[in-house]
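Colleague: Submitted below is the structure of interest, expressed as C-alpha cells.
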Amino acid sequence: MWWSRYVSGNLSVLLFGVFLFLFWFFLSLVSKGVVVYMSWELFNVGVGVMEFNLVFDWVSLSFGCVVVLISACVLMFACEYMVEDIFLSRFSWLVFLFVLSMNFVIFIPNLVSILLGWDGLGLVSFLLVIYYQNYKSLAGGMITVLMNRIGDVAILLSIGLVCKEGTWGFFYFSFSDDLKLVCLFLLVAGMTKSAQVPFSSWLPAAMAAPTPVSALVHSSTLVTAGVFPLIRFYSFLSQVWWFQVALLIIASMTMLMAGIAANVETDLKKIIALSTLSQLGVMMGSLGIGAWELALFHLYTHALFKALLFLCAGVFIHRSQHGQDLRMSGMVWNRLPVIVSCIHVSNLSLCGAPFLAGFYSKDLILESSFYGGFSFLILFMFFFATGLTVSYSFRFSYFVLWGSYNFYSMSNWKDELVVEVFPALVLVFGAVVGGSFFSWVLFYGEGVVFLSFLDKIFTLMVVMVGVLVGWFVVGMSSFVSLKDSFFGSKTYFGFIYMWFLTYLSGQGVIKSTIRSGSSMLYQVDRGWLEVLGGEGSLMFVKDMVVRAQGYNYNSVLVYLSLMIFVVGVSGILLIVF
C-alpha cells in the first residue's frame, strides 16, 4: 500500500518539475517571439517523406503547462482518494501514460505521428473508465471506446487522402478542392473526441471512472483533444465555406442540450460532466465565429476551474462513502471550509463572474459573437445556453451550502487533509489569476471589442436571468419531484438523457439491432433459406419418394387385381368347359 502511494507521489513531484521547466521555456519563447521546430526524417515512401516532428511555440507550450500542472495535482489528490485501492501504482502509471499521450497530441504537428497520441488517449481512457470492474464501468468504457473509434477512422481516412501532398505536417498543407473531404473527416474526428452532438452520450458514461480520472479527462485532456487539433488545423479548415456554419450549429445544439440536462440531473459527477460538455460547445462556437485564439484561451481557463471543481467533488464523494447525490451533499461548510470555498470560486468562474478566469475568455467570446453577422436563432441558442450554465451552477452551489445533510456518512466526515487541500489551492490560484495571466501574456494589445451599452450589458442580463432560472429549479425541486415537474416523465427523461441520445447510441441501437436480427432469423434463416436450402430440398425429395412409393403401391395393386381377375376367369372357364 505504501509503495503505491510512493509511486503516485513521485510521479506527481516529477510532473510538477516538468511544469516548472515548461513554464520557464514558455516565458522565454514568448518574450523573444521564437518558435522551435524539430524534425527527424525516418524514411521515404515514394514521393512522400515520413518524419517525426516536434513544435515548441506559444500554443503548444502554454497548453502543455496547463495539462502537466493539472496532472500533477490529480496524482497528488489520488494518493488520498485511492488510498484503499491495492492497485494504486497501476492506476498512477495509467494516468502517466494518459498524460504522455496527450503531450504527443500537443507537441507533434504531424497527422501521422499525432495518431500515436490520439490512439493512446483512446486506449488508456478505456482502461481507466473500466478500472472499477463492474457492469456500469464496462458499459461506460464500451460506449467511450466505440464512439472514439469513429474519430480514429476519420483520422485514418484523412491520412489516406492527404498522401498525395507528400507530407503529413499541417504547417505545409495547401488548400485545394480535393481536400474538402479531409476537412469533413477532421471535423468528425474533433466532434467525436469533444463529444459534440450527436456523439455526446459517451461523456456522462465515462463518469464510471475514478474521480481523479474524471478531473483529468473532462478538464484538460481527452475532451480537449478534439478541440485542439481543430485549432491547429484552423487556417486550413476555415477555407471551407460550411465549416464555421456547421460548427456554430453543432456547438449551439450541444450547449443547449447539455445545459438543460445539467439543470435536471442529480448525480454530482454527471452535472460537472454536462457542464464540461456545455463549455466544449462554447469552444466550438468560438471556432465557429472565427476566434480560434479565444477558443484556446477558454480551453485553458476551463481546464483550470473544471479540474478544481472535479477535485472538490471528489472530496465530497470520498467523505460520503461514494455517494454522488447532489441533494445529499449540503451543510458541510463547517467541516470542509476550504473545499466548499474552492467549489464556489470554481462555479463563479464557470459563470463568468468578473475578474475570475472564466470571465476573461467567456465574456470575449460572447461579445465577439455580435460581430459575425450570424442568424438570430444561433445567437439566441448561444446566449440561452450561457444562461443555463449560470442556472445549474447556482443550483450546484445552493445544494452544497444549504442542501440536505447526508447523515448516513456523518461518521466519515473528517478534517481536510494536506493532499486534498494543496492541489485545490494550486488550482484555485489558477482559477482566479489564470485568465488575467493568459490575457496579459498572450493577447496583450491584440484588439479591443467596441459594443453599444445595450450589447455590453446583455451578457449581464443573461447571467441574472440564469440565476432566476436556477432559483426556480431549486424551488421546484424542493416541493415536487423534477420528474413530475417538467410536463411529465417523458419530457423529463428526454432532458436527462440528452434528447434521448443516450438511448439512441446505446440501448436503442442494441434493441433495434436485436429486433432486426430476430426478424431476419425467422424470415430468412429459418424461413426462405430453409425452404430453398437443405430443409426444403429434404422435404422435396421426401415428397417425391412418397409419391414414387405411392405409384409403386398402386402398380402392385393393379397387378394383383389383374392376377386375381385372370385366375378367377380361368377357374370359371375350367369349371364350365
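Cβ coordinates are placed from backbone N, Cα and C, and glycine is handled just like the others.
The annotation transmembrane segment is assigned in TrEMBL to 12-38, 58-79, 91-108, 114-132, 153-173, 241-264, 271-291, 338-360, 372-396, 417-445, 492-510, 556-576 (among others). As annotated by TrEMBL, domain 'NADH-Ubiquinone oxidoreductase (complex I) chain 5 N-terminal' applies to 49-91. According to TrEMBL, the domain 'NADH:quinone oxidoreductase/Mrp antiporter transmembrane' annotation covers 110-388. Feature annotation from TrEMBL assigns domain 'NADH dehydrogenase subunit 5 C-terminal' to 392-569.
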Colleague: Among 12-38, 91-108, 271-291, 372-396, 417-445, which stretch has the most Cβ pairs under 8 Å to the transmembrane segment (338-360)?
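Modeller: Top-ranked stretch among 12-38, 91-108, 271-291, 372-396, 417-445: 417-445.
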Colleague: Kindly say whether the transmembrane segment (417-445) and the transmembrane segment (91-108) touch, using the definition of 3 or more Cβ pairs under 8 Å where each pair is 6 or more positions apart.
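Modeller: Since fewer than 3 Cβ pairs under 8 Å link them, the transmembrane segment (417-445) and the transmembrane segment (91-108) do not come into contact.
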Colleague: Check the transmembrane segment (372-396) against each of 114-132, 241-264, 271-291 and return whichever range has the most CB pairs under 8 Å.
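Modeller: Per the Cβ count, the answer is 241-264.
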Colleague: Below 8 angstroms Cβ to Cβ, which residues of this chain, lying six or more residues outside the transmembrane segment (114-132), approach it?
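Modeller: Contacts of the transmembrane segment (114-132) (Cβ under 8 Å, skipping residues fewer than 6 from its ends): 91, 94-95, 97-98, 100-106, 108, 138, 140-141, 144-145, 148-149, 151-152, 155-156, 159, 193, 206, 208-210, 213, 217, 221-222, 225, 229.
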Colleague: For the transmembrane segment (241-264), could you work out the same-chain residues 6 or more beyond its ends whose Cβ comes under 8 Å from its Cβ atoms?
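Modeller: For the transmembrane segment (241-264), the sequence-distant neighbours (Cβ-Cβ under 8 Å, at least 6 residues beyond its ends) are 183, 187, 191, 195-197, 200, 271, 274-275, 277-278, 280-285, 287-290, 374, 378, 381-382, 384-389, 391-392, 395, 469-470, 473, 482, 486, 492, 495-499, 501.
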Colleague: Please work out the helix, strand and coil residue numbers for the domain 'NADH-Ubiquinone oxidoreductase (complex I) chain 5 N-terminal' (49-91) from the DSSP assignment.
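Modeller: Taking the domain 'NADH-Ubiquinone oxidoreductase (complex I) chain 5 N-terminal' (49-91) as a whole: 28 helix, 8 strand, 7 coil.
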